[in-house]
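Asker: Supplied in structure tokens, the structure appears directly below.
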Amino acid sequence: MPTANTEEENSKSELQKNHGGGGGFTRWAVVAVIFRLALIYFPGNLNLSSRPEVSTPLTSIRRLAEGYWLKQSSMSPYAGSMYHGSPLLLSVLGPLTVKSRTILTDSVAHCRIEGQPSHILCSLVFVLADLISSILIRATGRKLQIAYRKSLKSLNLLNKSTDSGALSSGDIAALVYLWNPFTIVACVGLSTSPVENLFTILTLYGAATGLAPLAAFGWVMATHLSLYPAILIIPVILLLGYGPDAPPSKLFRSKEHGKVGDGKSSQEIIFSWRRVFHLLVWTSLWSVYVLVLCSISVKQHGSLQEMFQRTYGFILTVEDLSPNIGVLWYFFAEVFDFFRDFFLIVFHSNILFMILPLAIRLKHRPCFLAFVYIAISSMLKSYPSVGDSALYLGLLGLFLDELADMQFSFFLFCGYVGVSLLSPVMHNLWIWRGTGNANFYYATAMAYACFQIVLVVESVSSMLNHDRKLTKLSTSKLQK
Amino acid sequence: MAEVEKKEVAAATPPWKPKPRPIVRLGIVLISHSLLVSVVCCTAGVVALFLLPMLAKNTYISENALMPGSASSMLSNDDISEAERLAKDLTSLNSGAADAGIERRRVLAKYLSDLGVEVGYHKFEPHQNQFHPLHFFSSPDSGLSRENGSCSSYGINVVGIIRAPQADGKEAIVLVTPFNFRKNSSSEALSISIGYAVFSLLSRVTWLAKDIIWLVADSQYGEYASVASWLRDYHIPVFSASSSHNADSCFEGNNINLLREESLDRTEISSGFRRAGTMAAALVLKVTDVKGQLEDTLSVYAEASNGQMPNLDLINVVNYLAVHRQGLRVKVEKFLSVLRWEWIWVLGDTLNFIGKVAGSLNPEWKFGISTPDYVEGTATLANSLYRQALGIPTGPHGAFRDFQVDAITLEISPKVVYTNQGRRNEFILRSARLIEGVVRSVNNLLEKFHQSFFLYLLTSPAKFVSVGVYMIGFALLVAPLPLVAASLYVDANKPDPSSQGPKHKLQINFKPWKWLSAAKQVFTVHAWGVFVSLLPYFISQIPNSTPAAHSIIWFSLSTFGLLVLYLITKSHSKPQKGEWENLKSVTISVVFIGLLLMSVVNFATAQIGALVLVPACLLAQPLKLDIRDASLKSFLRIACNVFISFVAFPPVGFFVLKGVNEGFGDMDVGEFWTWLESLWAWNSATYIYIGMVHLPCWVLCLHILLHSC
């Protein structure tokens, strides 16, 4: 309970001293970093890096260390179904896992026997990744808020109360991301998800600021690392094409009609094909670049084909059925083998089915669309971890103004707290005590999925309500 | 009801809106009648708790493979006389001599190696239980630091292993007899004879499918410590070079070498740690002298740490064989003080009467229970709940449960101290046959115990309440919590018609997020709870102080912390409308989550905690409001609130319970400290519950009571 409240507590404190501005953010960010460092140096006996909630077969640092070891001993890092991540990650993080061992020989030698190597350097990288992510979220939030203000102004809806309320949603989102217990646990528990999240956020930042090369780089890297961000290409294109989130475009149009006489130049929203074209060019460039790097990296012991098989193939075929907080492992453990392919297609197309309708309905709010996509994919992905939830919960803060009157916030909060505490207990009951069984743990996974669904549904509906409200206000204004 | 529902819906939703879905409507009805629902549910929950002895079912053997008592015993008098010879040899050694312990071990090892089984010594250092507040969430081995203790104090267990002649050696059954090698005790010698009689028989039989391990646990540092350290070494091999080096240095100049060299045949006593397969079950055998019994009795102890129980089948087999084959009286512990309570007898009479009336109305309704049965069942159930809630294992069997091995302690007490050899032999024969029967049953198992229950409460050796039944009462008790939380939340966040802003301005109001400030308060108090629960770790480091001093330091530091928190977070603004409702709503939600979690971790704690916390939370309402109201109802509520918040304070609750049980004679402030220290020393989740759920929620309830609204 205590840690779970931290996030809300801080966003709250931020809400209260809403004039704090940049100073408040810096202070809290520094405290967050110190808090992480303290947790890293003081690992306690929680075994975070072996918790199924934190490290999945894709993000576990122990698997990465194993892959690096295999590579060092001239074998394919993918041999033996241990490592399933990117070869680039292996080259960057792999040396750190070994180095830390040699530095802290004495204490680590003791730890290693327990199967718990301590990777101080790696965790520093993750802390840094978290910090950069939060700064990027903050910058994105600023951008979004400026755009929001601008569009409200152009609709003549901006009044004093909204203007003076200087609580920056970017600051809050960044702090929510930094202080979210899920983020902290993922960072301290040495999963690679902070790095994956960083690239996803980088994509959004690049797209929101209109930097096509940056957005392309982020998207290519994020897709390379965890595949699911691939669907973010749609929000990125929309973001680059239309610009950041705005009220529905027909509102502006109707405004034009209403004030047709005053001769102002029409503020038509034009889809900028040039930027999209830039994006596509840069994407292909970066993809080639990453592929070349990968092929250099795996050349000695394997091939690119093996890499694709062991990373994307592993994600798509759900080979590893060890329990996690997702809903797929149990299902595929139970399903008959000859139906397996069918259900694989069904489950994966679940994500794909939702892409188009959501894109049509939310095309004027591409950032929010990205949030919804991330939330849905982190719910339905094959190896979810709390790091994925940390990402979308952080992004949720970006839409604070729009989602201010979201329903069930208290219910959802209690649900998240309850499930995240109940899930380790059920796991313990099943694995260590032997008095429970897999159903106990899976029940919490289903409850967790339900809460995520409620969160997505509620946030989307309150966003649409917000749009409706804007429409109502602006039409009533026009009629006056 | 339908009328009310319609009205309710009409009130809740504007007429032009479509009707909400039925489940939503049901929720609205429940929430709007939360007072009635909570009174009904809480009462039903308490009633259900008292009905549990009536609802208990007879135990039955669920696993077919066990087949208890289907084979006749093979134990003969030769085994007994051989065992008695061993016991005599052990007791005849002069207990005063310094090396009597070594000599006894040597004698025992010689007897064992004469049977042709593998014998080994296991040396261990008993170490203090340490405070691992997060132990529950981790695996049994993690966080266990292998400190290099001093070589001065150590114990040596003697381990004998029979390899099953026709098995692959992947499974084992463990027999444990605690024995203090330094002391001469006739009852411990008796338990050794029983163990040896069984063991010598098992070393000859051909039907063994699992290896048999006999652990004679050196009990000079406590029975639990020796068994626990043996189990740890059995399951967690040490690979690091440093520790073995250390062990060698300890062996240097110690008499374990002496022991080894003096033993007759060195080759037969292994130097390394001997292992067999995974353990299917374990039996701890003890003989005690209890005066004034009518017949030979067998007491069964099953509670392991954090209220975990062995599979019910194990108890069933023992119970079946003891009662139906060996004619022993089986009993489980019970609260004797419950038997003295008048109102329990009255309640039993009432239930009996109701049962009879119901039976006369319809002969199919057979839920009557005789009054003495009911009272006995209640006493046993109370003890069962209490032992599970404490989370402290009731014997050496608790160590096995940490490694998922089902184990129970069998404490056999003879009617009299036997002086006559014939009677004594007969007693040994019966006890040994019981053990043999149980071993034979477990030997039949194809898989681990899994058929029967792990979650149950015993109301007598042959009656139990399963999880499906006792959870109903608990669920009824906590069901009002979310309802009341929701209704309070709705009340506190009702749109205020007076403060409606101008229609044509876009207003971003964070009203739906008002609960965040309440959540912040709740979080702060819980952080304080964490601080309070960690304090004893530091206080206990203070040398040379009494428990009373400890508790006073603890109490004052905690109060100081609370004061500091209060001063820091105190808001000077005028209390807003709906503030205490929001606070209460969040508090109740937290209590609900905490109780739910605890019911999974340790049901008994959650049940007892719910009995106190649920009324305390539900009744809490600012005293100011009640005083302003000045009606009979509000005075009643004030009285209830004051009483409950007095009793719910953990130390007061402890002393009240103690006083009820043992009389309010001599009370020492230090006792509470000692009790809590035992809780945290045994890694009981109850300690965490008290520190992180109960205490903060109590403080929050007080805060609500004293709220200046």
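Yeah, the Cβs are placed from backbone N, Cα and C, and that goes for glycine too.
TrEMBL entries are annotated by machine, without manual review.
Copied straight from TrEMBL:
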REGION    A:1-20  region 'Disordered'
TRANSMEM  A:25-42  transmembrane segment
TRANSMEM  A:118-140  transmembrane segment
TRANSMEM  A:172-192  transmembrane segment
TRANSMEM  A:198-220  transmembrane segment
TRANSMEM  A:227-244  transmembrane segment
TRANSMEM  A:276-298  transmembrane segment
TRANSMEM  A:310-332  transmembrane segment
TRANSMEM  A:338-360  transmembrane segment
TRANSMEM  A:367-386  transmembrane segment
TRANSMEM  A:406-426  transmembrane segment
TRANSMEM  A:438-457  transmembrane segment
Asker: Answer yes if the transmembrane segment (A:367-386) and the transmembrane segment (A:310-332) have at least three CB pairs under 8 Å among residue pairs 6 or more apart in sequence, and no otherwise.
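Answerer: Answer yes, regions in contact.
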Asker: Considering only Cβ pairs within less than 8 angstroms, which of the stretches A:198-220, A:276-298, A:310-332, A:438-457 has the most against the transmembrane segment (A:118-140)?
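Answerer: Maximum Cβ contact count belongs to A:198-220.
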Asker: Would you mind listing the long-range same-chain contacts of the transmembrane segment (A:172-192), meaning Cβ under 8 Å and 6+ residues beyond its ends?
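Answerer: Non-local partners: 3-4, 6-7, 9-11, 14-15, 25, 28-29, 32, 35-36, 39-40, 43, 48-49, 51, 53-56, 58-61, 64, 85, 89, 93, 119, 122-123, 126-127, 129-131, 133-135, 137-138, 141, 225, 385-387, 389-391, 393-398, 400, 420.
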Asker: At a C-beta cut-off of under 8 Å, are there same-chain residues at least 6 beyond the transmembrane segment (A:338-360) that contact it? List them, or none.
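Answerer: Answer is 228, 231, 234-235, 238, 316-318, 328, 331-332, 369, 372-373, 376-377, 380-381, 460.
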Asker: Is the transmembrane segment (A:310-332) in contact with the transmembrane segment (A:198-220), using at least 3 Cβ pairs under 8 Å (sequence separation of 6 or more) as the test?
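Answerer: By the criterion, they do not touch.
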Asker: Should the transmembrane segment (A:276-298) and the transmembrane segment (A:227-244) be scored as in contact, given a threshold of at least 3 Cβ pairs under 8 Å and pairs 6 or more apart?
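Answerer: Yes, these stretches are in contact.
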Asker: Which residues of the same chain, at least 6 past either end of the transmembrane segment (A:25-42), have a Cβ under 8 Å from a Cβ in it?
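Answerer: That would be 10, 14, 120, 123-124, 127, 130-131, 134-135, 138, 171, 174-175, 178-179, 184, 187-188.
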Asker: Among A:227-244, A:406-426, A:438-457, which stretch has the most Cβ pairs under 8 Å to the transmembrane segment (A:310-332)?
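Answerer: Stretch with the highest Cβ contact count: A:438-457.
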Asker: Six or more residues out from either end of the transmembrane segment (A:227-244), which same-chain residues have a Cβ under 8 Å from its Cβ atoms?
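Answerer: Answer is 143-144, 147-148, 196, 199-200, 203-204, 207-208, 210, 212, 215, 219, 269, 271-273, 275-276, 278-279, 283, 311-312, 315-316, 351-352, 355, 359, 363-364, 366-367, 369-370, 373-374, 377-378, 381.
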Asker: Same chain, outside the transmembrane segment (A:406-426) by at least 6, Cβ under 8 Å from its Cβ: which residues?
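Answerer: Distant Cβ neighbours of the transmembrane segment (A:406-426) are 1, 4-5, 8, 51, 53, 181-182, 325, 386, 436, 440-441, 443-445, 447-448, 451, 454-455, 458-459, 462.
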